[in-house]
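Novice: Annotation comment: Swiss-Prot describes 1-35 as signal peptide. According to Swiss-Prot, the topological domain 'Extracellular' annotation covers 36-1065. Under the heading disulfide bond, Swiss-Prot lists Cys44-Cys105, Cys159-Cys165, Cys288-Cys343, Cys394-Cys402, Cys638-Cys860, Cys806-Cys834, Cys882-Cys1046, Cys909-Cys918, Cys1010-Cys1016. Sequence annotations record features per position, and here Swiss-Prot assigns N-linked glycosylation site to Asn102, Asn177, Asn355, Asn426, Asn574 based on sequence analysis. Residues annotated as transmembrane segment in Swiss-Prot: 1066-1087. Summarising the annotation, Swiss-Prot assigns topological domain 'Cytoplasmic' to 1088-1159 and lists similarity to another entry as the type of evidence. Under the heading region 'Disordered', Swiss-Prot lists 1138-1159. For 1142-1159, the entry in Swiss-Prot reads compositional bias 'Basic and acidic residues'.
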Amino acid sequence: MCGPAMFPAGPRWPRVRVLQVLWALLAVLLASRRLWAIKDFEECTWQVVLNEFKRVGENGASDRFFEQELVDTVGNLFHMLVDSPIDPREKYLGFPYYLKINYSCEEKHSEDLVRMGHLTGLKPVVLVTFQSPVNFYRWKIEQLQIQMEAAPFRSKEPCIAEEVCSMSWYTPMPIKNGSVVTRVDVSSNGLGTFIPDKRFQVNINGFLKRNQDNDIQFTVGDELFNLMPQYFVGISSRPLWHTVDQSPVLILGGIPNEKYVLMTDTSFKDFSLVELSIDSCWVGSFYCPQSGFTATIYDTVATESTLFIRQNQLVYYFTGTYTTLYERNRGSGSWVRVLASECIKKLCPVYFHSNGSEYIMALTTGKHEGFVHFGTIRDGQVSFEMLPREWSVCEQIGVTTCSIIWSDYIAGEYTLLLLVESEYENASKRFQVVSYNTANDDLELLYHIPEFIPEARGLEFLMILGTESYTNTVMTPKGISCNPYNHLIFIWGNFLLQSSNKENFIYLADFPKELSIKYMTRSFRGAVAIVTETEEIWYLLEGTYRVYRLFPSKGWKVHISLQLMQQSSLYASNETMLTLFYEGSKLYQLVYLMNNQKGQLVKRLMPVEQLLMYQQHTSHYDLDRKGGYLMLSFTNFCPFSVMRLRNLPGPQRYTRQERYRARPPHVLERSGFHNENSLAIYQGLIYYLLWLHSVYDKPYADPVHDPTWRWWENNKQDQDYYFFLASNWRSAGGVFIEMDSYEKIYNLKSAYELPERIFLDKGTEYSFAIFLSAQSRSFRTMADLGTVFELHSHVDVGVVLADPGCIEASVKQEVLINRNAVLFSITLKDKKVCYDQGISGHHLMKSSMTVNVVGSSGLCFQETHAGARMQGNLMVPVFIGCPPGKRLAFDITYTLEYSRLKNKHYFDCVQVDPEMPCFLFRDIFYPFFLIQDLVTGDSGSFQGSYVLLVVGGGPTLDTLKDYNKDEIYRFNSPLDKTHSLIWTTRTKRTTKDSAFHIMSHESPGIEWLCLENAPCYDNVPQGIFAPEFFFKVLVSNRGVDTSTYCNYQLTFLLHIHGLPLSPKRALFILMVSLSVFVGLVIFYIAFCLLWPLVVKGCTMIRWKINDIIASESYYTYASISGMSSMQSLRRSRMGSMFSSRMTEDKAEPKEAVERQLMT
């Protein structure tokens, strides 16, 4: 639409002079009230952009988020930190981007403001929330946040000032595997200028790449930088379809005769116009008649990793490059055409993922009329299946010709809701709602839509029973939509039908039958926005029956008058709405503005509360004469004046939100500004903190239940020393890392509002209270005969549960007469009947709780500095099942203590492993387990029942083997007759089929057997010590524990030493040992007996050798002089005498003989 599009069109409103004056007066009053608010709270806002690692400090730098690989440039800096509590031998990496944070106020220079804020102590606090992934089979389901404090950094631009000219704050932009959607909330630390909190979408764009010139470009097509007015002015708005909270990149088509789309990774804070690189071919045939060809991209759907488009009858998809989700080679190189032989008339989105996958539906015409092509997307891989699998919908509902107009998929129920148009032999057409179950291929006709629109006779709504009267206007359905939380179904066209059970429908008469709904957008938090074919906008609160027109309306006229008076850049007299969509619980418009022949595409908030309030004020007022003048007064239809939530419990136990806190390291510079090195160190610390979180899934529980405990375990005692170094400016690297600045937060306080979601385990309760300050004369007294008076209030609260058979709510009213108020205490409780058991965070049942103050819907508002806020209607999604963040862990600490107590001793392995202590085979093994809550920090003994199975093992860690089902049965079942049992217990309780023992924390313990056919039987020792064995143990409470919805499964290794040998091997070793021992004894005895003889023989041989030597010496020197001869003769005689003496005394030692020979 074009021209004065956003002004009221249609019948001319009565222009009574008094009414014009009153409207003008109302505008002035509201404007002045707004101006007062501005004066009290200066309108300032946060500004956030991305900067690459190497572009920190550059003015005007802004980068796109597509790099996903960690950078290895910070490790060298950590090697410099020798006197710091960190371990420089660990691996520290950095992220490719920083968040650059500034703020601006109206009519003030941003650089001056930031500098002033820094000098007054202002520091931005950044909360990064990672969206959990779709495929929970690959990634862990968790709700993770990290809270960082931004570090001040001087600009690198030249500056003549001594200290600083321009500056900004920076924090690392962390990346987490499995998450491509990131929410950044920026708030103030409470010092300096008041700046309201602001939320930014900072998502990874997997459809960008660098070309050969190092420029960034789109992979899906070519980016256009000139947004021509003819692309947007006067076009019809289109719905924005995507997987809720999971799509990092949104895509919007609908530009006439061009294959252009708008793409954004910031929820249209920034956007790009892209010409898609598709072939734009047109294939017409006898089964796919086409009256003409157009390049327009009609339908667009965005999922976590893949984009879908429809052009004419052709469907294409493109998978982005997301290395944080799957392998790099999964990304598409070009658009892929699917369902090439089909004639596709429409794409239908599926807003919620399920079973680790996302879905999309393609409605066909021609040869496969009556079938739906059901697409499944997982890890970037796309597959389609035609449903129903055998007979078409037409054949199963008993008509010859039918057409599926719309389809909606209820993921949790595996059910397709089909809106079917049937044509009968008399050429009449009727519409039905058909349900098809994809799991069992069941099709059921749910509801026949009436042929004509009912006659409401002045009522707001009408229950369709078949007995009411009808108008002459034919019902023309166009779509069907279901909210999986409250199960509320809408059928829409030139009417609006509502149902909560798929059987009984209510006609909402406030929506005029002269209009036709083009599309609906739902917040899935209780609000619905409707766009008609004439671009009117209507609004509905789910569970109520009043439909409000937002545009055109009296409220809109007042609102736009105020905006134009304030010269807002978000409004113009000539504007065109491109789409209407919800972001969280807020409604936004994407609007093209024309001002002075210049076009601008903006995203703006649709002020629903303001419009309803203005509309109420302009429609209900009184003129009372007070003396000589008239006084204007407004009627307040709200049943209460003040509404507050009280007694709210800590949110983390129910929202399952994990949060870490990380502050930047302290820099040893008097100005307090960081440098590139300190920011890089901050990057490395954030990376290591997230790495500790990711690896904190060990089967053996730490003595302290906290992922950061091991980081500072060995340095806590030196904390004062590190502080001493920092206080004396002697810390290495110029930074001081404070250990207490990196921690996990377990005690978040409630924000005085209901949580974003509630997770309920078996029998869990959630309690809170609503305080309502009533209007005057809101109490009455009631008394029966013989009873005391009781106070009753006109203010009532109703609680609507989507699944009353699964959850229950109780409301207790307390009248506070002295405060003219009522306190309603509400308790929501799980009834323990609607869920079996599931893995933590998997296959949760969706439900909801809606709290409504009777008579308040659309009538009660609260004024805040951020604008009006609707009150009286609260809707909270409820997830029933095993909450995320719970796990089972082996309590090794208590197991060792209890085993030492019961067995009177404890013997560890010879080679001690502190990460895996050993247990002695002959001792009774008493295992204990912990239920650890990663969100709240609670860690307590598992009190439920479980089954323990040995599912693998080996004598060494390198020879571990997983057992098959038959082996697991033989090694663990008390019914085994093959002598293969590994262990046994005196516990008598078993599973229903008696196959396995059921144990608990009170069980008498495990006795190791290792019978002759068990794998641990007859192991060969690896050394002189007894054999060892590693058992792979599985512990599960599946089917045996009724205390929780959680299906806990824990697999861990158990090191057993001191295993006995088999009798044969023991006898063999005994015989060998005895043989060796006997041989050694015999050898010793023989040695002792033969040794003297050996000594004697050796002595005789030596004597003879000496005698021979002496004789040879005599004859050799016979010719020498007389004295020499005499001396020789003397020696010879003495030798003879010595020989005679030896004959007489043979006991003389060998040493004496030698001395005699030398004499």
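Any Cβ shown, glycine's included, is placed from N, Cα and C.
Values in this document were obtained by computation on a predicted structure and should not be read as measured data.
In the displayed structure, how are the listed features positioned relative to their neighbours?
Specialist: According to its DSSP assignment, Cys105 (disulfide bond) is in a strand.
Counting every protein chain shown, the Cβ of Asn102 (N-linked glycosylation site) has 19 other Cβ atoms within 10 Å.
Annotation note: Cys165 (disulfide bond) sits in a coil segment as assigned by DSSP. Note on Cys165 (disulfide bond): other Cβ atoms within 10 Å of its Cβ, all shown chains, come to 15.
Around Asn177 (N-linked glycosylation site), the C-beta neighbours below 8 angstroms that are at least 6 residues distant in the chain are Trp139, Thr324, Ser694.
The secondary structure of Cys343 (disulfide bond), as reduced to three states from DSSP, is extended strand.
Taking a C-beta cut-off of under 8 angstroms and a sequence separation of 6 or more, Asn355 (N-linked glycosylation site) has the following same-chain neighbours: Ala411, His843. Asn355 (N-linked glycosylation site) carries neither a helix nor a strand DSSP state and counts as coil.
Around Cys402 (disulfide bond), the same-chain residues six or more apart in sequence whose CB sits under 8 Å from its CB are Glu369, Gly370, Ser392, Val393, Cys394, Val420, Glu421, Ser422, Glu423, listed in sequence order.
Around Asn426 (N-linked glycosylation site), there are no C-beta neighbours below 8 angstroms that are at least 6 residues distant in the chain.
The secondary structure of Asn574 (N-linked glycosylation site), as reduced to three states from DSSP, is extended strand.
Around Cys860 (disulfide bond), the same-chain residues six or more apart in sequence whose CB sits under 8 Å from its CB are Cys638, Pro639, Phe640, Met643, Val853, Met870, Gln871, Gly872, listed in sequence order. In the three-state DSSP assignment, the secondary structure recorded for Cys860 (disulfide bond) is coil.
Under DSSP, Cys806 (disulfide bond) is assigned to coil, being neither helix nor strand in the three-state scheme.
In the three-state DSSP reading, Cys882 (disulfide bond) counts as coil.
For the recorded site, Cys909 (disulfide bond), the DSSP three-state label reads coil. If you draw a 10 Å sphere around the CB of Cys909 (disulfide bond), it holds 17 other CB atoms from the protein chains shown.
Sequence-distant neighbours of Cys1010 (disulfide bond) (same chain, 6+ apart, CB under 8 A from its CB) are Phe921, Ile982, Cys1016, Tyr1017, Phe1029, Leu1059, Pro1060.
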Novice: List the Cα distance (Å, whole number) between Cys1046 (disulfide bond) and Cys834 (disulfide bond).
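Specialist: With distance taken Cα to Cα, Cys834 (disulfide bond) is 13 Å from Cys1046 (disulfide bond).
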Novice: Taking Cα atoms as reference points, which of the disulfide-bonded residues Cys288, Cys343, Cys834, Cys882 is nearest to Cys105 (disulfide bond)?
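Specialist: Result for Cys105 (disulfide bond): the nearest of the disulfide-bonded residues is Cys882.
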Novice: Inside 10 Å of the Cβ of Cys806 (disulfide bond), count up the other Cβ atoms and send me the figure.
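Specialist: Looking across every protein chain shown, the total is 18.
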Novice: What's the CA-CA gap between Cys918 (disulfide bond) and Cys288 (disulfide bond) in angstrom, rounded?
Specialist: 72
Novice: CB neighbours of Cys918 (disulfide bond) within 10 A?
Specialist: 19
Novice: Please state whether DSSP places Cys394 (disulfide bond) in a helix, a strand or coil.
Specialist: helix
Novice: Using Cα coordinates, what distance in whole Å links Cys165 (disulfide bond) and Cys44 (disulfide bond)?
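Specialist: It is 21 Å, counting Cα to Cα.
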Novice: How many neighbouring Cβ atoms, not counting its own, are there within 10 Å of the Cβ of Cys44 (disulfide bond)?
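Specialist: Cβ-Cβ neighbours of Cys44 (disulfide bond) within 10 Å number 18.
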Novice: Here are the disulfide-bonded residues: Cys638, Cys1016. Which has the lowest count of other Cβ atoms within 10 Å?
Specialist: Cys638
Novice: Please tell me which one of the disulfide-bonded residues listed here (Cys44, Cys159, Cys806, Cys882) sits closest to Asn574 (N-linked glycosylation site), measuring Cα to Cα?
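Specialist: Going through Cys44, Cys159, Cys806, Cys882 one by one, the Cα closest to that of Asn574 (N-linked glycosylation site) is Cys44.
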